[in-house]
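What TrEMBL records for 12-33, 68-92, 99-121, 127-149, 161-179, 195-215, 222-244, 250-269, 290-312, 318-339 is transmembrane segment. Look at TrEMBL and you will find 12-382 tagged as domain 'Major facilitator superfamily (MFS) profile'.
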Amino acid sequence: MEKEDQEKTGKLTLVLALATFLAAFGSSFQYGYNVAAVNSPSEFMQQFYNDTYYDRNKENIESFTLTLLWSLTVSMFPFGGFIGSLMVGFLVNNLGRKGALLFNNIFSILPAILMGCSKIAKSFEIIIASRLLVGICAGISSNVVPMYLGELAPKNLRGALGVVPQLFITVGILIYYYADQIYLSAGVKSNDVQYVTAGTGAVNVFMTMVTVFVVELWGRRNLLLIGFSTCLTACIVLTVALALQNTISWMPYVSIVCVIVYVIGHAVGPSPIPALFITEIFLQSSRPSAYMIGGSVHWLSNFIVGLIFPFIQVGLGPYSFIIFAIICLLTTIYIFMVVPETKGRTFVEINQIFAKKNKVSDVYPEKEEKELNDLPPATREQ
């Protein structure tokens, strides 16, 4: 009996640990690094845009045009992620999980070469195109890596290993799209912004590491509820702090704390859990399609935020984050009312929970039973 329990429990072998590390470092780290690679050098890059425009047209670029070009530079990455997510189903079904990850290296190496040539070519269009290509790389890796690791891991390690890709993403990020602008709005001196941003990124990495160890203790649903509730609270308080920062001297410090609290909430639930959740609630046959849909929505939302946030900030000022607070509130309510806990359950058990909830078994019992029985025995144990 003890031997059977150990087999069902599963261990972190050297091969499994190595596969997890290589998949996460080779793909997820690239995603995280390129999310924010343009954030810190944004001032120098925008100056390059202006110089290039001046060389071509003998006049300085207009402020609106520069903002638009920079928004495109930032948002092309998530738009590429959207395209990459649409490619996941085709790549996984034709090349397999491992083959898709190997093929994805093309979209990491090529844009790196193009980026290096952009200054010689005096072309900001090459930078924008490179961001699109590396976004495709991120879109593919953000879906395939969790899928791959979720299927490799035994049931008791599925949560921890499923969060590892997000850990490598946060290590690569350490900064965000518009973190500098947010801190400047909060009253942080321009010379200190980079240090505050780096500190925020370090908090992000640390909290994701914590999530790796607590996801099997607290459960997926609880972490999602805690994470989105924390983000909701941070958005509301941040809005109040930004609105009052000119009248109350210590409000800028509250703004900084709110951003850090938001990062903590995001790192605990909304960031690492959804990809793991998709692996658990869908059977192997439908998993690529589920990742394609989930990834597409994720990256399309990122694209929209990256493109319009500078204009929202100009239009709404300190009230820009009310939009995100509403989204967090609605998501928290939905998770509380609809989403079940999947911790410690096999793929088959999780599938049956949703079948009962949606009364699928009553309508298509033969189809569901056949799909479950088609799974290999090892997968049913997970």
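Even glycines carry a Cβ here, placed using N, Cα and C.
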Cβ contacts the transmembrane segment (127-149)/the transmembrane segment (222-244), at least three under 8 Å, sequence gap 6 or more:
no
Most CB pairs under 8 Å with the transmembrane segment (318-339): which of 68-92, 99-121, 222-244, 250-269, 290-312?
222-244
What else in the chain is close to the transmembrane segment (68-92), if you only count residues 6 or more beyond its ends and a Cβ gap under 8 Å?
34-35, 38, 42, 45-46, 49, 61, 99-100, 103-104, 107, 124, 127-129, 131-144, 147, 177-178, 288-289, 291-292, 294-296, 298-308, 310-311
Spatial neighbours of the transmembrane segment (99-121) far in sequence, C-beta under 8 Å, 6+ residues away:
23, 26-27, 30, 48, 84, 88, 91-92, 127, 129-131, 133-134, 136-137, 140-141, 144-145, 148
